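Annotated features in Swiss-Prot:
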type	residues	note
ACT_SITE	Cys2	active site, nucleophile
ACT_SITE	Lys606	active site, for Fru-6P isomerization activity
DOMAIN	2-219	domain 'Glutamine amidotransferase type-2'
DOMAIN	287-427	domain 'SIS 1'
DOMAIN	460-601	domain 'SIS 2'
Amino acid sequence: MCGIVGGVSKTDLVPMILEGLQRLEYRGYDSAGLAILGADADLLRVRSVGRVAELTAAVVERGLQGQVGIGHTRWATHGGVRECNAHPMISHEQIAVVHNGIIENFHALRAHLEAAGYTFTSETDTEVIAHLVHHYRQTAPDLFAATRRAVGDLRGAYAIAVISSGDPETVCVARMGCPLLLGVADDGHYFASDVAALLPVTRRVLYLEDGDVAMLQRQTLRITDQAGASRQREEHWSQLSAAAVDLGPYRHFMQKEIHEQPRAVADTLEGALNSQLDLTDLWGDGAAAMFRDVDRVLFLASGTSHYATLVGRQWVESIVGIPAQAELGHEYRYRDSIPDPRQLVVTLSQSGETLDTFEALRRAKDLGHTRTLAICNVAESAIPRASALRFLTRAGPEIGVASTKAFTTQLAALYLLALSLAKAPGASERCAAGGSPGRLRQLPGSVQHALNLEPQIQGWAARFASKDHALFLGRGLHYPIALEGALKLKEISYIHAEAYPAGELKHGPLALVDRDMPVVVIAPNDRLLEKLAANMQEVHARGGELYVFADSDSHFNASAGVHVMRLPRHAGLLSPIVHAIPVQLLAYHAALVKGTDVDRPRNLAKSVTVE
């Protein structure tokens, strides 16, 4: 939910920290701050409420320079959005700490520290860490030892970084449940929550695991567990390009990412089409054995990824002919669940760090599930590393808080999963005939066709901007797309929107319909179209204004109070991927008309790494 970055360098580190914070701003943007060790090892701190741009102006005004430093961009969890709660937190003008996560036992730790004479100036759980490190530094031989002792007292999820005026050539970092990686360069060592923040200085990275504590010095890098036993982490070369995280000609990252979807979907499907759905090539070593005799599938996800699994569940049942269920990670982990040794557990997460999903995976494994598969956009993240199999969607970096290309590439991956399960050993007798890879090659073109409707969608969006509420309807495979459309609209335009299966209208939601309630209908030319048309008549008869996304081969025509936009010819089971595009564009352009911050909507962050 927050982003941290910093390191130790032989040159001034302040520009790198500020640029890194800008690249991490999608993780949190309530406030930002940095601390450096100056020329005389003085601990210097600057904090500001608002965006990184405000922090940059304050840093430039003070002329800060230093070769050891830490930075933070915040999404508030403990304490309001005030400068006193912005990181870094300082103890006795000697220790500075930045922190991503939540310390669950901070009330008890705070009471203990207050009894020991420590004074608190913020409402945050992070200040506890700063005082703990200071407390242990009084007897520890160095900052590294003090940090290890301090994190041993913490319960919860965290990625932290610590500097000290008494250890002027050192940064210490620790990870438990939140993403943290190290960067290796000729001129020093660095850390960040996301590899994008390290691209200006290095592509050589190491991913820390839970329980790791690391000491960074200019020429030295040491990783241990909390007890001090040495740990080794493999070095990777990041393939991420700097251009991939730049806006280019686009106004917003969300706009850029919407328009990248034809390529992202094509890249995600490329390996499958080239390998003819070879299980090992597509899903990794052990996939054939893992998929053999699977008798049900459990999907675990949160947010937009959960909506993708609602589609995937239906694909599995239609194509493979076995039961499937889709659960929210934060609900699954706290309820009683009956394990099934032949059940495949599939987790979806764009970042691979979504805490609710990760903990749900842990719960499933604790129950004895060994058949686990992660579908993720970040290869070396926590959820794929904790899974037996992994599939990497090739969406590229997604910076906008509202997910777009990650969603459609997840859908593409789920369709491939259904096809793969249908051809796995022991599956032939139970499979339906509905699934076919034949239309996959045409899918990127259909997505581009949907994008070409953007000028028409802009006209619709102008009508939405003045509305307070909206209703989205769909049936079957397209009800989850209605859910996704409603979520996108409320996320970035702040228009209250709800989604329902169209058949539920008469059971309550129809009471909401009037002339001020726009009703968006996902209306593909499938076997439910006539049923859906009847539901639309119910809305029209009560004065509701209909906005219909139909296929080019459907019979819908525009009339008074009924607006129709035609997508490509019906894409069969792949239709949800195509119909996701216009609801994304509708939300984006409605937000533009309203003047909201599209990439950084209020109260939201991209990577939800706290419970």
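Along the chain as shown, residues are numbered 1 onward.
Each residue, glycine too, has its Cβ placed from N, Cα and C.
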Counting every protein chain shown, other Cβ atoms within 10 Å of the Cβ of the residue listed as 'active site, nucleophile' number 29
Overall pLDDT for the domain 'Glutamine amidotransferase type-2' (2-219), taken as the rounded mean: 94
Within the domain 'SIS 1' (287-427), residues counted as helix, strand or coil by DSSP: 61 helix, 27 strand, 53 coil
